[in-house]
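Under the heading domain 'AB hydrolase-1', TrEMBL lists A:143-236. Annotation source TrEMBL lists active site, nucleophile at A:SER175. What TrEMBL lists as active site is A:ASP338, A:HIS371.
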Protein chains: 2
Amino acid sequence: MLTRITIIIALAFAWLPGLHATELLVEKQRFTTHDFVTVSGETIPEVTIGWEAYGQLNDAKDNVILITHFFSGNSHAAGKYSPTDPQPGYWDAIIGPGKAIDTNQYYVISSDTLVNAFPHLPHVVTTGPASINPTTGKPYGLDFPVVTIRDFVNVQHALLESLGVSKLHAVIGASMGSLQAIEWGTAYPDMVERVVSVIGAAAMDAWTITALEHWARPIKLDPDWNQGNYYDGNAPIAGLASTLTMITQQAMHPISFNQASPTQETLPAAGLESILNDLPATAFWFNAAAKNAVLADANHILYLVRANQLFIAGHQENLAAGLANLNAKTLFLPAKHDLLLQPYLAQQAVATLKELGKEPQYDEIEGVFGHLDGLYSIQTKAALIAEFLAQ
Amino acid sequence: MLTRITIIIALAFAWLPGLHATELLVEKQRFTTHDFVTVSGETIPEVTIGWEAYGQLNDAKDNVILITHFFSGNSHAAGKYSPTDPQPGYWDAIIGPGKAIDTNQYYVISSDTLVNAFPHLPHVVTTGPASINPTTGKPYGLDFPVVTIRDFVNVQHALLESLGVSKLHAVIGASMGSLQAIEWGTAYPDMVERVVSVIGAAAMDAWTITALEHWARPIKLDPDWNQGNYYDGNAPIAGLASTLTMITQQAMHPISFNQASPTQETLPAAGLESILNDLPATAFWFNAAAKNAVLADANHILYLVRANQLFIAGHQENLAAGLANLNAKTLFLPAKHDLLLQPYLAQQAVATLKELGKEPQYDEIEGVFGHLDGLYSIQTKAALIAEFLAQ
């Protein structure tokens with residue numbers, strides 16, 4: 001059983017308890033591009049994101065695998081920053097020498113996104129509403145343009161161009177990372193040979209768009225949010241803590257969530273005294289989230305919510321038209337007990353691709369972590385991923 | 001397919017589109033009890049609730065079935081208030097002459113609870129934080145004592161006492177109504193012969209307690225809530241609308257929710273322009289909820305959340321000790337695709353009862369409405385319920 005504190009750390013910091021000792025030592029690098037034009041038609045004067053790489057780029061520069069990260073994650077997908085780091089990157093179980101994504105063979109690049117949820121975490125490098133707007137010398141706030149998953153992809157494309165990479169052996173991502181992986185395949189179809197979508201979707205449905213809106217509402221309702229203008233005052237920590245707790249819960253499953261929570265075997269006196277008093281489970285989760293909230297940025301989370309809400313692969317008149325562009329081989333790996341992005345979403349993508357005459361592969365990840373089985377139980381699909389990459 | 005507007009009306013008003021023409025005409029009655037002592041040890045000088053009855057009480061007064069309602073519902077379980085009413089009560093498919101709960105045979109009493117979520121709906125009669133505190137002449141607000149599911153049961157017990165009823169052929173409820181039904185069986189074991197728990201649970205787990213807290217947070221974060229003191233000013237409608245949308249969504253399932261929602265087949269321009277702009281699905285659900293929010297009371301919802309969070313049948317040191325008191329025959333009917341109170345909760349109750357040497361019955365309701373299959377698909381279990389009542 002994962003201990004409570006491990007789960008919280010893992011969720012907040014995107015750290016996964018390593019199942020194997022890792023030898024991989026990594027460093028965060030920075031990439032800057034100028035006058036970046038967004039899908040929404042705005043220009044961001046300077047965009048800087050972080051990235052990491054594992055393995056060696058070959059002379060032909062054709063052994064590259066790109067890893068794209070999930071909503072609350074960042075580019076630290078594998079390895080450790082120093083030998084004494086308590087935890088390696090989130091997919092260390094499948095990325096490394098001799099592992100499913102074999103760094104003896106592939107040059108694995110992992111990239112931060114725009115508007116990362118936790119810009120105040122060490123090692124996160126991102127550009128978003130909390131960044132300084134060079135024209136005003138102050139944080140952008142809501143002047144930052146709305147960005148889409150395609151914008152995340154386009155920044156990554158600029159990064160790869162700067163490295164002279166024009167072919168991707170695969171793009172692989174979990175959850176929001178899966179959205180980026182599929183979008184890569186539709187935006188740059190001649191560049192992407194394989195796409196692995198873990199716990200993902202090819203388009204948002206009304207259910208998920210509305211669920212994501214519930215992540216935004218506690219922030220928007222918190223008076224400290226102040227329409228996004230809080231950088232000179234108090235950040236909306238109470239709203240943020242509610243949002244982070246909701247994300248944590250929806251990314252889990254009752255089995256693992258209850259195992260990690262304090263139990264309530266009888267009537268709790270404090271809860272009976274006033275509706276304002278916490279209960280053991282709510283105190284545990286919301287207090288933990290409040291501690292992590294200082295590392296997050298409320299506007300960044302609102303922008304991430306919107307990027308996900310707008311997602312439809314390919315940006316055409318409908319999903320089928322968007323997916324028609326995709327040339328890559330595809331592998332879909334939803335988590336069987338996922339309550340956040342349920343397997344029907346991957347199944348819909350698979351059905352649409354098949355109707356288009358393509359041959360998507362599909363398998364389900366078993367486990368008790370729900371959506372998080374895409375991280376915690378990914379090693380159960382290591383052989384399948386290795387096989388797919390070798391095809 | 002249920003139309004969008006029908007679903008919204010059904011959710012907000014607890015009205016169910018009748019599958020059969022009904023002849024049952026009903027009227028809301030009022031019951032008042034004085035100096036009601038709560039489980040939390042407080043005294044409420046005057047408690048008034050509404051109730052309805054269908055059928056005829058026999059001379060022995062032993063043909064009574066009590067119906068207890070769900071979170072957003074009220075005592076209008078069957079029939080119409082007038083022949084021109086657009087919708088009958090929520091379980092009209094199974095309550096009425098010749099139906100599963102046969103009003104030719106049983107005297108069916110349906111009771112409002114304390115702190116009803118929609119006190120401003122016509123026909124809802126309840127007592128809670130929005131009621132006038134006779135000692136101050138003003139609404140109680142947060143001075144109203146915390147109440148529990150047992151308190152709901154105790155008010156109903158006082159109602160039955162006033163009618164001279166000392167035996168219940170059955171108590172039947174859906175969702176929060178199921179909690180009351182089970183609590184009836186443990187609180188008054190010699191009075192209750194049968195319990196039917198539809199889409200319910202015998203105790204709250206950390207998962208559900210935390211999920212319920214997410215219903216409370218948008219209200220608490222809305223500055224108009226003002227620690228419960230809003231009766232002289234603006235009610236926290238924005239927070240309430242978020243809460244009601246969340247309840248609606250979690251009570252449904254992606255299949256039915258997506259059918260009822262506007263689709264988003266391509267990038268919506270407004271959503272791309274500003275994160276403050278709604279998307280088609282969010283506008284649809286949140287605007288509908290905002291219209292219904294004026295009929296609800298924010299404090300009442302917070303008190304209902306707390307009553308549910310505190311629930312553990314029997315109020316003993318643990319659930320097994322509480323259920324040991326239960327003498328009634330039991331039938332558990334979770335909905336197979338319920339995402340709010342998933343079938344594992346009913347299964348846990350069944351397992352605990354079996355360990356205690358009892359013989360609970362169990363079956364699952366099929367459907368595409370998720371939790372709401374406990375209302376919309378209840379007729380698929382009509383024969384089973386009739387058979388259970390005849391045992």
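Note that Cβ sites are derived from N, Cα and C of the backbone, with glycine treated the same way.
The model shown is predicted, which means the values in this text are computed figures rather than measured ones.
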Averaged pLDDT score, the domain 'AB hydrolase-1' (A:143-236): 98
Rounded Cα distance, in Å, between A:HIS371 (active site) and A:ASP338 (active site) is 4
Could you list the residues of the same chain, at least six apart in sequence, whose Cβ is under 8 A from the Cβ of A:SER175 (active site, nucleophile)? A:PHE70, A:PHE71, A:VAL198, A:ILE199, A:GLY200, A:LEU340, A:LEU341, A:HIS371, A:GLY374
Across all protein chains shown, the one of the active-site residues A:ASP338, A:HIS371 with the most other Cβ atoms within 10 Å of its Cβ is A:ASP338
Run through the domain 'AB hydrolase-1' (A:143-236) and tell me, per DSSP, how many residues are helix, strand and coil. 46 helix, 13 strand, 35 coil
